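Notes follow once the structure below has been shown.
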Amino acid sequence: MALLSLLFMSSCFLTLSGLTFGDQSGIPVIVKDGDDAILPCSLGTNENIEFVQFEWKKEGTEKKVFTYDTGMVDSPALPGRVSHFPDDLQHGSASIKINNVQLEDGGIYTCDFPTRGKTFRIELVFGTSVIVKEGDDAILPCSLGTNENIESMLFDWKKEGTDHVFVYNPRINPPSNPGDKFKDRVLHFPGELEHGNASIKIITTQLEDNGTYSCFFPKREKTFHVELTVEPVLKDRTAENIKDAVPEPIVKILDDEGLLQCEVRDISPEITVEWWDKDNKTLPSQISKEQIKNQPYIIVKTTVTKSGNYSCVATQKRLNHQILTTTFVQLKEESDSAPQGFSVWTAILIGVLVAIFVVVVILCAAYRRSKR
């Protein structure tokens, strides 16, 4: 019976392990030496915990990292380096911040609510942060740090919450890239293996590539972490079938004196519509809203003074969506003046040629008279 009770308690603990704000992925907190680290913890109910006791411990150590008991706090293991968020207690947050983290701070931390019988775990690891723009390539670094030849050593790249990203197995050539999301988008550096480099390159990064990656060497039982941040760029996302993404603007040339009109479906509140010249500079415009065929539209008008290409640009920053329509404008005055200018120069040229011809005729006649 005691054994059954022990198994039940173990099962409960394993069920709770890795929960942070209701997230069961167990995603570690990645920091660099000297950074500040926030370790998240919450019961997940948003209840006020100002009068609820909780304590933080680091596995493998005896001293408590942080204790909270109805307003009384203490941090015996890391004096002066740990703080909590008093204002967030009423929203259920028992998170703490460790200032100026050091290598020895790495490890697994537990956030325990003794009166609730609940324990949450979070891992603090040291790793590297990589930041790229969407569409750029990203190199995720990994090395044992010894410069030893790893051509015959297995290593495995994973993304937290997903399957394998890349597996290097010396017995399999070429290396496997099993994840559908990363198919044909992940490369390693074969020529660098002899120098201990297990880095990979993700080609043409996508927003869903954001996350924490781990590079694992089973033979050495060593894991390295990389936090990849893919910063979104404004671009046409029509092909992504994003809800409420505005369609292509409708452009009209209202007259031959440079009056242009742009019509954009008013399907979300954050749409901005502008007219740009060929240098992508914003032009002065008048904005109004109208119903066209019982549909709401944003109407933007501008008047241009030069012939050239002009674009109506609709932007939704929340969706990182930007779409434009470009049209060429030929102003009437410039169009009419071009042939007139051409005829003037033609007349001048003809006049010069006629004058030369007359002079030549006169000279020839004079020459003939002198011969007689």
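Using N, Cα and C of the backbone, Cβ positions are placed for all residues, glycine too.
The feature signal peptide is assigned by TrEMBL to 1-22.
Under DSSP, residues within the domain 'Ig-like' (31-111) fall into helix, strand and coil as 9 helix, 31 strand, 41 coil. Summarising the annotation, TrEMBL assigns domain 'Ig-like' to 31-111 (among others).
For the domain 'Ig-like' (114-215), the number of residues in each DSSP class (helix H, G, I; strand E, B; coil) is 12 helix, 43 strand, 47 coil. Taken from TrEMBL, the feature domain 'Ig-like' covers 114-215 (among others).
The domain 'Ig-like' feature in TrEMBL is assigned to 232-325 (among others). Taking the domain 'Ig-like' (232-325) as a whole, pLDDT averages 95 in the prediction.
Residues annotated as transmembrane segment in TrEMBL: 342-367.
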| said: Under 8 Å between C-beta atoms and at least six residues away from its ends: which parts of the chain pack against the transmembrane segment (342-367)? | reply: none
